[in-house]
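Undergrad: This is the feature table in TrEMBL:
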- H244: active site, proton donor (ACT_SITE)
- H244, N245, S246, M247, H248, D287, D397, Q448: AMP binding site (BINDING)
- H248, H286, D287, D397: Zn(2+) 1 binding site (BINDING)
- D287: Zn(2+) 2 binding site (BINDING)
- 18-41: compositional bias 'Basic and acidic residues' (COMPBIAS)
- 145-490: domain 'PDEase' (DOMAIN)
- 16-41: region 'Disordered' (REGION)
Amino acid sequence: MEAYIYDQMLLSHQMQSHPKEFEGKELSAKEEAKTLEDQNENLEHELQALKENLARNKQQEDASRKRLEELKRENNDLAHRVEDPWQRVKDKQRDPCRLINPLRNKTCKPFDKLLLQLIKSTYVNLDSEGYDDMSVIHKVVKPFTVLEMQDMRDRYILDPLYGTILMALDKIDDWDFNVFSVQAALNGDDHASLPFQEKGGALFVTFYALFWKYDLFKKFNIDEQVALNWVSAVEAGYHGNPYHNSMHAADVLHVTHYILSKGGLIERCQLSDKMILSALFSAAIHDFDHPGINNNFHIKTRSHLATLYNDRSVLENLHVSSVFELIKNPAFNILASLSEDQWREVREVVVEMVLATDMGLHGKYVAMMKTRLQERADFLQKDDKILALAMALKMADISNCGRPQEIYLRWSGKISDEFYQQGDRERNLGLACSPFMDRTQPAIAKGQISFMNYIVIPFFEQISELLPNMRVSVDCAEGNKTYWAQNDDS
Ligand code: CMP
C-alpha cells in the first residue's frame with residue numbers, strides 16, 4: 001500500500017515537473033490504441049468474409065453432393081446397360097453424336113405456361129397473327145387475343161410473379177432493365193441453386209421475350225418446343241458460380257439487345273435477321289459451362305481444357321463448342337429449320353462473337369476497330385459487320401461497369417466473390433494468388449478503378465464513336481468510378 005502511494009506521488013510529481021514528456025507519452029499510447037483498434041476491425045472484417053465464404057462453400061457442397069448422387073444413379077443405369085453389349089449398339093444407333101444434355105434425362109424444364117403466354121402475348125397476339133393451330137411457332141404456347149391480353153394484364157399486374165415479370169419486361173428496351181428483379185420473382189438470386197432452378201429463370205424468360213420481340217420464331221420457322229428445350233438446356237448448362245452464371249447470360253443478352261436496337265447497331269450496319277439471330281444466340285451461350293475459374297488458372301494448372309484448346313481462348317472455345325455439340329441432338333436443335341447457307345453463316349458469326357469475348361484478345365480487337373474507324377469504314381461489309389457484332393458482345397460482357405449504380409454494385413460484388421474463390425483455390429494449390437483475387441488483401445476499389453480506367457472507359461468510348469447512343473455507358477461508368485474513389489476499401 002505504502003509503495004503504491006509512493007509510486008502515485010512520484011508519478012504526479014513527474015507529470016507536473018515534465019508535462020511535455022507525459023503529453024507525448026499519452027499521445028503515442030492513444031495512437032497505439034487506435035492502431036490496435038484498426039487492426040482488430042480489419043481482423044473482424046476478414047473473419048466475417050471467411051465465415052461468408054464457408055457458408056457459400058457449404059451451399060456449393062450441398063449442391064455438388066446432390067449432383068453426385070444423381071451421377072451415381074445414372075452410372076448404375078449405364079452399368080446395367082453395359083452388361084448387354086447389344087444395348088450399346090442400339091444406343092449408338094439412336095444417338096449417333098456425342099450428346100451433352102445438361103438437363104440429363106429431361107429435354108425441357110416444366111415451365112409455367114401462363115407466364116409464357118403472358119410474355120408471348122406482349123409481342124404477338126391472335127388477332128394480328130392469324131393464329132394457325134398447326135404452326136410449329138405456336139406449338140406450345142397459345143397467345144391471347146388483344147382483348148384477352150388487356151384483361152390478363154389488368155388481372156395479373158399486381159401479382160408478385162406475373163406482374164413483376166411483366167413490369168420488368170416493360171423495360172427490356174431500356175438501359176436500366178433489371179435482370180435481378182426477373183430472377184428474384186422466379187427463383188431468387190441464390191447463385192448456387194441457379195443450375196437447378198426447376199421452371200426456368202431470368203435467362204429463360206429474357207430469351208423467350210426477345211425471340212418473340214424480334215419475331216425470330218416466325219422469320220426462321222423455329223419450332224417453339226425445340227427452342228424451349230434449347231434454352232432450358234443452355235440455362236441448366238451454366239454453373240452456380242457467383243458471377244459467371246445464367247443471370248449474367250441473361251444480363252448480357254439484354255445488353256446485346258440494347259446495343260442492337262436503341263444503341264443503333266442494326267441500323268448502322270444494316271444487320272440482317274440472320275445476324276440478329278446470331279447475336280442473340282451468342283449472347284445467351286457466351287459463358288455456357290463456365291467453371292468459375294479463368295483461362296489463366298486453366299493454363300497455369302495445365303488442365304485438360306487448356307491442353308485440349310492449346311492454351312488459346314480455352315473457356316471461350318469450350319462455351320461455343322459445347323453448344324454446337326448440344327444442338328447435334330435434334331431435341332435441342334434450335335437452328336434446324338435454317339438452310340445450309342444460313343446455318344453456315346450463323347455458325348461463323350457465333351464462333352467469331354463468342355471467341356472475341358476472351359479478354360486476352362482485347363487489345364487486338366480494339367486495335368482492329370481503331371483502324372476501321374480511322375479508315376472511316378461504313379461498316380456495311382460483311383467482315384466489318386461481324387467485327388461490330390463481336391465488339392457489341394464484348395461490350396455487353398463487361399457492360400456491368402457502365403450500368404446504373406444499383407445494378408453495377410451487385411455485379412461488382414459478384415465478380416469479386418468469384419475472384420476470391422479462385423484466389424482460395426490458388427492458395428490451396430500453393431500457387432500465388434492472381435491480382436485482386438486474394439481475399440486477405442482486399443482492394444476492390446483499386447481493382448475496379450483500374451479496370452474502368454484502362455479497359456472499360458476507353459473501350460466504351462470507342463464503341464460510342466461507332467454508336468453515339470452508347471455514350472450512356474461511358475457516363476454511368478464515370479459515375480461508378482467516382483463511387484469507388486469515395487468508398488475505398490483498401
Ligand atoms: P469474362 O466474363 O471471362 O470476360 C470479361 C471479363 O471482364 C470477366 O471475365 C472478368 O474477368 C472481367 N470483368 C467483368 N466485369 C468486371 C468488373 N466489374 N470488375 C472486374 N473485372 C470485371
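Placement of Cβ uses the backbone N, Cα and C atoms for every residue, glycine included.
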Undergrad: Provide the number of Cβ atoms within 10 Å of the Cβ of H244 (active site, proton donor), excluding the reference atom itself.
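TA: Excluding its own Cβ, the number within 10 Å is 26.
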Undergrad: May I ask for the residues of the chain that lie six or more residues beyond the compositional bias 'Basic and acidic residues' (18-41) and have a Cβ under 8 Å from a Cβ within it?
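TA: Answer is none.
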Undergrad: Over the span of the compositional bias 'Basic and acidic residues' (18-41), count residues by DSSP class, listing helix, strand and coil in order.
TA: 23 helix, 0 strand, 1 coil
Undergrad: Out of the binding-site residues I have (M247, H248, H286, D397), which ones have their Cβ sitting under 6 Å from ligand 1?
TA: D397
Undergrad: Which residues of the same chain, at least 6 positions away in sequence, have a Cβ lying under 8 Å from the Cβ of D287 (AMP binding site)?
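TA: In sequence order, the residues whose Cβ lies under 8 Å from that of D287 (AMP binding site) (at least 6 apart) are Y238, H244, H248, A249, V252, L315, H319, T357.
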Undergrad: Provide, as an integer number of angstrom, the distance between the C-alpha atoms of Q448 (AMP binding site) and H286 (Zn(2+) 1 binding site).
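TA: With the alpha carbons as reference points, the distance is 23 Å.
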Undergrad: As a test of reading the model: what is the averaged pLDDT for the domain 'PDEase' (145-490)?
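TA: Summarising the domain 'PDEase' (145-490) by its mean pLDDT gives 97.
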Undergrad: List, in sequence order, the residues of the same chain other than H248, H286, D287, D397 whose Cβ lies within 8 Å of the centroid of the Cβ atoms of the recorded Zn(2+) 1 site.
TA: H244, A249, V252, A283, H290, T357, A396
Undergrad: For each of N245, S246, Q448, count the other CB atoms within 10 A of its CB; which of these binding-site residues has the top count?
TA: S246
Undergrad: Within 10 Å of the Cβ of M247 (AMP binding site), how many other Cβ atoms can you find? Include all protein chains, please.
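TA: Around the Cβ of M247 (AMP binding site), 26 other Cβ atoms lie within 10 Å.
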Undergrad: Helix, strand or coil: which one is Q448 (AMP binding site) in, per DSSP?
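TA: SS state of Q448 (AMP binding site) = helix.
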Undergrad: Identify, in sequence order, the residues in the chain of D397 (AMP binding site) that are 6 or more apart from it along the sequence and have a CB within less than 8 Å of its CB; answer 'none' if there are none.
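TA: In sequence order, the residues whose Cβ lies under 8 Å from that of D397 (AMP binding site) (at least 6 apart) are V252, H286, T357.
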Undergrad: Going by DSSP, is S246 (AMP binding site) part of a helix, a strand, or coil?
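TA: Once the DSSP labels are grouped into three classes, S246 (AMP binding site) ends up as helix.
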Undergrad: Looking only at H244, N245, S246, M247, H248, D287, D397, Q448, which the record lists for AMP, tell me the maximum pairwise CA distance in angstrom.
TA: 23
Undergrad: Would you count the other CB atoms within 10 A of the CB of H248 (AMP binding site), including those on all shown protein chains?
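TA: For H248 (AMP binding site), the 10 Å Cβ neighbour count is 27.
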Undergrad: Which secondary structure state does DSSP assign to D397 (AMP binding site), in the simple three-class scheme?
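TA: Helix, per DSSP.
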